[in-house]
Amino acid sequence: WGLMLVLSVAIYGSHAPLLTLCKVDGMIPFSSTSVVVLVELTKLVFSLLFLQKKKLLGVAVSWRHVAPFALSALLYAANNNLVVHMQLFMDPSTYQVLSNLKIVSTALLYSFFLRQRLGMRKWLALFLLVAAGVSYSCGGLQDPGSPSKMQLHITLVGLVLILVYCLISGLSAVYTEAILKTQAFPLSLQNLFLYFFGVLLNLIGYFWSRAEGSFLEGFSSWVLVIVVSQALNGLIMSVVMKHSSNITRLFVISCSILVNALLSVTLFNLQLTLLFFIAVSCIGLAIHLYYGV
C-alpha cells in the first residue's frame with residue numbers, strides 16, 4: 001500500500017511538469033484526445049495481462065454486470081473533454097483554483113451515496129485539503145521574472161462549466177467505487193469492462209472531433225512517459241477505490257503538490273513562496289485530523 005500510494009503521488013505530481021517538457025514553442029504539439037485513447041488502451045492491455053493470471057472458473061458474467069461500467073466510462077470521458085473546452089471561458093489560474101472544489105463534491109457524494117458518515121473532524125480535514133489546493137494554486141510557485149500578482153478571469157459560462165466539472169468528477173469517482181465494491185468479481189475483470197468502454201468512447205470522441213494531422217502527430221518520448229505513467233496511476237487508483245476509498249485518492253492528489261513543487265523548482269527554476277508552505281501545513285494538519293497520524 002505504501003509503495004502504491006507514494007508512486008501515485010509521484011505520478012500525479014509529475015504530470016504538469018511532464019506536459020511542460022512536451023511543449024514546442026509554448027504549445028502542446030499533440031492531440032490530448034489521442035493521449036487519453038492511448039492511456040485507456042494501455043490500461044486495457046495491462047488488465048488483460050493481469051486477468052490471464054487469475055483463475056476464473058465458475059465466474060458467470062452477464063450484461064447486467066458489464067453495463068454499469070459503460071456509464072462510468074461515459075462520465076470519465078465527459079469530464080476529460082469538459083476540461084479542455086471549459087478553459088476557453090477562464091484563464092488557467094482560475095481553473096487551478098476552482099477545480100479544488102471537486103474535493104468537496106467528491107466528499108459530499110461519497111458521504112451521501114455510499115452512506116459513509118464523516119464527523120466534524122474529518123470534514124475539517126477535507127476543507128483543509130481545499131485550502132491547501134487553493135493556496136498552492138494562488139501562487140505556491142513563482143517565476144522570478146514574472147509579476148507576483150495573479151489575475152483571475154472567468155465568465156458566467158465558465159463558472160457553470162467548472163461547477164458541472166466538479167460535480168461530474170465527484171460523481172464518476174464515487175459511482176465507480178460503488179460498482180467496484182458491490183460486485184464480487186476480481187478487480188482485473190472489472191477493469192477490463194471499464195477500460196473497454198473507455199477505449200471505445202474516447203475513440204468515438206477522437207473521430208468526432210478529429211482535427212488535421214495523424215493520430216500520433218507531435219508525440220515524443222516524454223509523451224510516452226505520460227501515457228505509461230497515467231495508465232499505471234489509473235490502475236493504482238482502481239485498487240484504492242476497490243479496497244480503500246475515494247477519500248484516500250483525494251489525499252494522494254493533495255500530497256502530489258510536494259512532488260510538483262520539487263520538480264518545478266528543479267527543472268524550471270521556479271521559487272517556492274509562503275503560500276506553498278501554508279499549503280503543506282494544511283495538508284499535514286489534514287492528514288493528522290483524518291487519519292490520526
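Cβ coordinates come from backbone N, Cα and C, glycine included.
Going by TrEMBL, these are the annotated features:
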- 32-51: transmembrane segment (TRANSMEM)
- 56-77: transmembrane segment (TRANSMEM)
- 97-114: transmembrane segment (TRANSMEM)
- 123-142: transmembrane segment (TRANSMEM)
- 154-180: transmembrane segment (TRANSMEM)
- 192-209: transmembrane segment (TRANSMEM)
- 221-240: transmembrane segment (TRANSMEM)
- 247-268: transmembrane segment (TRANSMEM)
- 274-291: transmembrane segment (TRANSMEM)
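Between the transmembrane segment (123-142) and the transmembrane segment (274-291), the number of CB pairs under 8 angstroms, six or more residues apart, is three or more, so the stretches are in contact. Counting residues 6+ beyond its ends, the transmembrane segment (221-240) has Cβ neighbours under 8 Å at 4-5, 7-8, 11-12, 14-15, 18-19, 21-22, 30, 35, 38-39, 42-43, 46-47, 180, 187, 190-191, 194, 248-249, 252 in the same chain. Ranking 32-51, 56-77, 97-114, 192-209 by CB pairs under 8 A with the transmembrane segment (247-268) puts 97-114 at the top.
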